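Residues or ranges marked as substrate binding site in TrEMBL: B:Arg338. The domain 'Aminotransferase class V' annotation in TrEMBL covers B:28-330. According to TrEMBL, the N6-(pyridoxal phosphate)lysine annotation covers B:Lys194.
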There are 2 protein chains.
Amino acid sequence: MNDKLMLMIPGPTPVPETALLAMAKHPIGHRSGDFSKIMAEVTENLKWLHQTKNDVLILASSGTGAMEAGIINFLSPGDRVLCGCNGKFGDRWAEVATAYGLQVEKITAEWGQPLDSEKFREQLEADKEKTIKAVIITHSETSTGVLNDLETINSYVKAHGEALIIVDAVTSIGAVNIPIDELGLDVVASGSQKGYMIPPGLAFVAVGAKAWTAYETAKLPRYYLDLGKYRKDAAKNTTPFTPPVNLFFALQATLRMMQAEGLENIFARHQRLMSTTRAAVKALGLPLFGPDAVASPAITAVAPPPEVDAEKIRTIVNKRFDIALAGGQNHLKGKIFRIGHLGFVSERDILTAISALEVALRELGYEAFTPGAGVATASRVLAES
Amino acid sequence: MNDKLMLMIPGPTPVPETALLAMAKHPIGHRSGDFSKIMAEVTENLKWLHQTKNDVLILASSGTGAMEAGIINFLSPGDRVLCGCNGKFGDRWAEVATAYGLQVEKITAEWGQPLDSEKFREQLEADKEKTIKAVIITHSETSTGVLNDLETINSYVKAHGEALIIVDAVTSIGAVNIPIDELGLDVVASGSQKGYMIPPGLAFVAVGAKAWTAYETAKLPRYYLDLGKYRKDAAKNTTPFTPPVNLFFALQATLRMMQAEGLENIFARHQRLMSTTRAAVKALGLPLFGPDAVASPAITAVAPPPEVDAEKIRTIVNKRFDIALAGGQNHLKGKIFRIGHLGFVSERDILTAISALEVALRELGYEAFTPGAGVATASRVLAES
């Protein structure tokens with residue numbers, strides 16, 4: 001049905017009506033007192049959401065723009081960096097760093113498995129000369145639904161002492177606890193169409209003191225993504241370049257909603273959505289892609305057996321129930337499908353998605369589960385949590 | 001009054017209700033057939049608006065992102081470029097080019113005056129070695145309301161034969177005739193919150209064949225703004241990075257409106273708005289900033305005499321009539337004010353702004369005009385045009 005689509009992909013995520021209507025307001029001038037007030041409020045609330053007193057800078061770009069800003073502002077050509085690669089977005093970090101002429105050493109893990117923290121420890125401990133300038137990792141790997149062990153890897157970076165830690169938190173901010181100041185994370189990049197509950201078009205970079213020191217001597221060329229300009233202007237509640245004002249209206253609305261819900265509740269809700277989804281999928285006899293212990297609260301990847309085609313499941317769920325699930329990316333295309341439960345998603349949405357999934361599986365002739373088992377399990381987990 | 005603001009600044013410009021409501025729709029997945037359909041339609045209509053068969057690529061950024069993309073995709077460190085500088089945005093071109101290590105030669109004119117085409121001719125003719133790789137200019141200089149003579153400067157670039165012409169058309173696309181293919185413009189950058197009649201957040205770069213040849217050997221580093229990626233994906237009606245889907249909804253709506261109005265009518269409307277505004281301002285005894293012969297159809301800059309403070313005029317017009325006029329930028333702050341008449345602006349809006357301006361002038365004790373002269377003149381010009 002037209003206008004009936006329910007988004008259960010890892011971004012764009014569903015947007016609350018309050019934010020949609022805020023976005024439909026006439027734009028205002030971005031050099032006005034009214035915009036400065038919004039900029040001040042939004043910046044303050046972003047710091048709250050990021051659990052940091054650091055700068056949280058707002059870019060007009062996709063999340064990749066924030067990732068690129070996270071590299072080019074703090075590093076110089078030829079700098080040695082370690083990139084954690086266990087999915088599409090880890091690979092993207094390596095691509096950006098390579099495009100800018102950094103000396104990239106990839107620490108890889110199979111897609112669907114977490115990065116091995118020990119490999120980071122070994123490299124960092126072996127680096128007596130302190131030539132490693134940054135460790136760059138993806139926290140929640142959206143392509144596989146795996147949460148990397150940021151805390152442990154970060155502890156090795158801290159023991160190294162020199163290297164910055166640069167983190168893609170695109171699908172973790174607003175979904176899972178990532179206390180930036182407590183962990184001392186130097187650079188954290190994210191994007192609006194995820195936990196922030198607004199459409200794509202804004203990206204965020206949280207930058208700490210050590211990174212700003214690196215900024216002073218970093219030699220990669222930059223202009224549009226020069227975070228120094230954003231920092232200077234943010235201090236005056238303005239932006240160096242024209243901001244997408246209507247997306248700011250939406251962000252103002254969702255940050256207020258998030259404050260009303262509270263950080264602990266937001267994280268707990270995502271945990272509940274994840275546990276419920278995983279338990280229900282298992283009850284349907286479908287293998288999960290990636291271990292429970294490292295599951296991302298943002299997205300669950302499912303690897304159906306060869307007899308039920310992942311793309312066919314997505315098609316039926318989409319055509320018949322107007323629910324958008326995500327497919328696999330790169331070599332996982334057709335092999336997995338992904339259920340997004342990030343942002344403006346409630347327990348009701350999980351029940352709905354699991355119910356629809358049951359119908360699709362039966363339609364495809366897959367009967368390795370008791371009818372109703374998915375929803376029964378989901379309801380049990382929800383009742384217990 | 002709340003919600004009563006009327007934007008008469010050079011961007012964000014007013015947005016039609018159809019586009020605002022389109023933007024308030026729930027986002028859709030950007031890797032869906034539905035999005036591809038929108039991408040195809042919007043790309044086709046952008047080519048129509050740009051009067052080109054070249055690629056018109058869509059970025060999630062402000063106009064400055066498009067300007068930067070226009071440089072870093074086609075040039076290499078140390079390349080010699082001529083930058084036309086007669087306002088804030090000409091200066092920005094030089095800043096971007098300098099940030100990327102180009103050898104920048106500025107051709108300057110006083111703010112409020114057009115670039116001297118002869119200076120470009122001299123430099124280009126003297127360049128027997130063909131070391132000039134690009135001529136970079138701003139078409140409509142938003143900071144002063146001056147339209148540079150793109151056609152003449154471009155003819156000298158064409159006579160040179162080697163250099164690319166790279167144009168900031170941020171406030172000229174959709175306001176003034178800029179036939180990209182007819183003129184053979186290589187790179188043309190613009191932004192959504194201008195003639196496109198939607199909020200800020202999208203930017204556009206039109207790229208011709210000669211520029212794509214330069215792309216093959218251009219050595220400046222790039223990733224997020226790598227136009228090759230956008231070209232490759234646009235051919236499949238998709239984007240390399242998450243696009244701001246809701247802004248695409250709005251753009252789809254306004255491009256349809258523009259097609260219904262027709263290019264000739266759009267340009268004629270902007271000419272009429274410009275002529276009316278300029279005649280009415282003169283009738284109020286206020287000096288225009290910049291000669292009539294080079295006036296931009298997007299914006300009119302006014303330099304009131306010292307006894308009436310430009311900022312006070314803006315304040316009264318804003319506070320009392322909820323009309324946002326733009327101030328002067330950089331050293332022109334407080335010396336000029338600017339009336340935007342770009343995009344979704346009708347003749348009624350000019351009458352309104354001129355009437356409000358009359359009241360503000362009288363409130364400030366400026367009486368060097370016959371009461372009603374502004375509106376009387378505007379009405380005469382409109383009746384005759």
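Every residue gets a Cβ built from N, Cα and C, even glycine.
The residue listed as 'substrate binding site' and B:Lys194 (N6-(pyridoxal phosphate)lysine) have their C-alpha atoms 15 Å apart, to the nearest angstrom. The residue listed as 'N6-(pyridoxal phosphate)lysine' carries neither a helix nor a strand DSSP state and counts as coil.
The residue listed as 'N6-(pyridoxal phosphate)lysine' counts 29 other C-beta atoms within 10 Å of its own C-beta, drawing on all protein chains shown. Other Cβ atoms within 10 Å of the Cβ of the residue listed as 'substrate binding site' number 27 in total over all chains.
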